[in-house]
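Listed in TrEMBL:
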type     : residues  : note
TRANSMEM : A:7-30    : transmembrane segment
TRANSMEM : A:50-70   : transmembrane segment
TRANSMEM : A:82-102  : transmembrane segment
TRANSMEM : A:108-129 : transmembrane segment
TRANSMEM : A:141-163 : transmembrane segment
TRANSMEM : A:183-205 : transmembrane segment
TRANSMEM : A:233-266 : transmembrane segment
TRANSMEM : A:272-290 : transmembrane segment
TRANSMEM : A:297-319 : transmembrane segment
Amino acid sequence: MTGTKRTAVTLVVITVLLSLVIGVVGIVSVTGLSDTAAELKQHIIVQLQIPLVFTACLVGAALSTSGATLQVVLRNPLADPGIIGITSGASLVAALLLLLTPQWATAYLHYLLPLGCFIGALLSTFIIYRLARKLLGSSTAVILAGIAISTLSGAVIAWLYMFSDANALRNLTFWLMGSLYQTNWLILSVGGPLIAVAVALQLYFAGDLNKLYAGELAAKSSGVDVEKLTERALIVCAIAVGTAVSMAGSIAFVGLLVPHILRLIIGHNNRYLLPLSALSGASLLMLVALSSEMTRAITLPVSMVTATLGGPLLIWALAKGQIKG
Amino acid sequence: MTINNFRTQQRPDSGINEQNDERINASEQGTISTNPKPNVSVKDDDADSNCSANSHNLADNHTVLSLQNVKVASRLSVEGLRAKKGECVHIIGPNGAGKSTLLLTLAGLIEADEGNVMLLGKPMSDWSLATLANVRTLLAQQSESGFHLSVKEYLSFYATAQQDELIPPVLEKALEISGFLNKILTQLSGGERQRVEICRSLLQIWPQLERGEGIAFLDEPLQGLDIRHQYALASLVKFLCDKGNTLLMTSHDIALSANYCDSLWLMQKGCMVAFGKPQEVATQTNLESVFECHFAISKHDNFLEIQVCAPISLE
């Protein structure tokens, strides 16, 4: 145990340092670039760069912690906020808003979109949970219901595509691939606390989550109210993911990849795994933001970068036999 | 703890053999359904103290568990049962007889539709899951874990914090799992995995078990174990009961169970057919009518030899 603890503490220190360095480099690189008026420089930093760093941190932490929690709660290593359908509800609402909002309302879209996504995420989680409960009451049912909801909203989005103009389509495609540049201080001031609380609650569940490894009956026998824990964890994850999606669109892979890689290094104890997932997820997305910043002109869709980085890593881990079933 | 040769092991109720022989004969005469009780009942205090006067376990009349007219859907219907402190109960019966449902009901994990379940003098509905967890433990039959964690990490999640060593010496002697503590859970063989699960379930209330205050429900703990570990486990269960703990386990090994328990409960189709001392319950009539095959039962001193003696025709 002491070995694991030491590894965990070392990792925490490294991650925090890395995050700081990445954050600072991100800011400084921009400061170095803009040698125009000092006022403009300040404006860029305050209105664009700092929100970007915060968004990357919050979204990364929310997605990877929720991924880790969902994998244990649903007892399925495949679980990911994207795969079980939490994000698909948000995507559907975003598509509806982006493609169908009348001309006069486009000015408010900036605020309408996050709100709509948040409601969409919660709504789809609610439907998935009720459906799963009615069908089988098992964790596999939650995943199946999630896939059903994802497929359905994917189909609706595809239909919407057919009846939309080019500009709206481009917006939607961009949003669906995730972007860290959509936020502002107002959205951050609402989303930040929401994510912070949702992540903190997940850390609070860590001890009970550990007992779920032996299955539902064993967990119940050792004093964990499994139904209540599942319900609470799903709601908390929906809030975290819903907020993240509202702030940055749908970002693939982070929730699946980060916890799996971490389990290889520090083991399965959720007391370490969950906080480290939060920190590593935050670092990963800041890295993405930084690489986006390095390429300057283009703002890269985040999913593109996370999938490009994460895909090979996951395949490598699978091939080495480190991650199974 | 060494594994005693069960043939020479002294049962606590020695010295009442003649009495018991009579009882076996008496209960063999009646059919099971019409004669479930007088001799084999533990419901009646007087009858009980008569036939177990020498038993140190039952001398303490403190009832740990009791059931009254409990019904669970279509799976279980039991009139009255009780287990005393320090009692070692083995539950036998064909597949689907309701053994697991009974254990889950007693452990407070299934709510009875009707009737009363009392644990330590308190109705089950007054217990919360969290307080139950410090009093009793349960080994369930299936436990899935698709996660690739090491045995050591897995066990550490269930062990209570104040322990010096992860696996107490008695558990290690009976279960012998320290050899694969660093192995990955999903790579163990079925029997090894079962030993880990038994260890996990007992670790949950180990401080209570050490003080002799624990209650454990083990659902088919012998499943998958090799012969040596089967008898080691039966000895462990007996050892824990002798310390004052109350253990209930289901089993399909009638011969082993009859010789290692204080009370044998025989179930069929959700009902308790017979319960009481193993010599009185594991009679030819009882077993043949419940299991639908021929048994040869012979008694040597305190050892009951039970065998299936005729092949089962498939035609």
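Cβ coordinates come from backbone N, Cα and C, glycine included.
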### Query
For the transmembrane segment (A:108-129) and the transmembrane segment (A:297-319), does the number of C-beta pairs under 8 Å, pairs 6 or more apart in sequence, reach 3 or more?
no
### Message
If you count every Cβ pair below 8 Å, which range out of A:50-70, A:141-163, A:233-266 shares the most with the transmembrane segment (A:297-319)?
### Response
A:233-266
#### Entry: Selected stretch (most C-beta pairs under 8 A with the transmembrane segment (A:233-266)) from A:50-70, A:82-102, A:183-205, A:272-290
A:50-70
#### Entry: Winner by Cβ pairs under 8 Å against the transmembrane segment (A:183-205), considering only A:50-70, A:82-102, A:272-290
A:50-70
### Task
Report, as numbers and ranges, every residue of the chain located at least six residues beyond the transmembrane segment (A:82-102) whose Cβ falls under 8 Å of a Cβ in that stretch; write 'none' if there are none.
66, 70, 74, 109, 112-113, 116-125, 127-128, 142-143, 145-150, 153-154, 156-157, 160, 163-164, 168-169, 171-172, 175-176, 237-238, 241-242, 245-246, 249-250, 252-253, 255-256
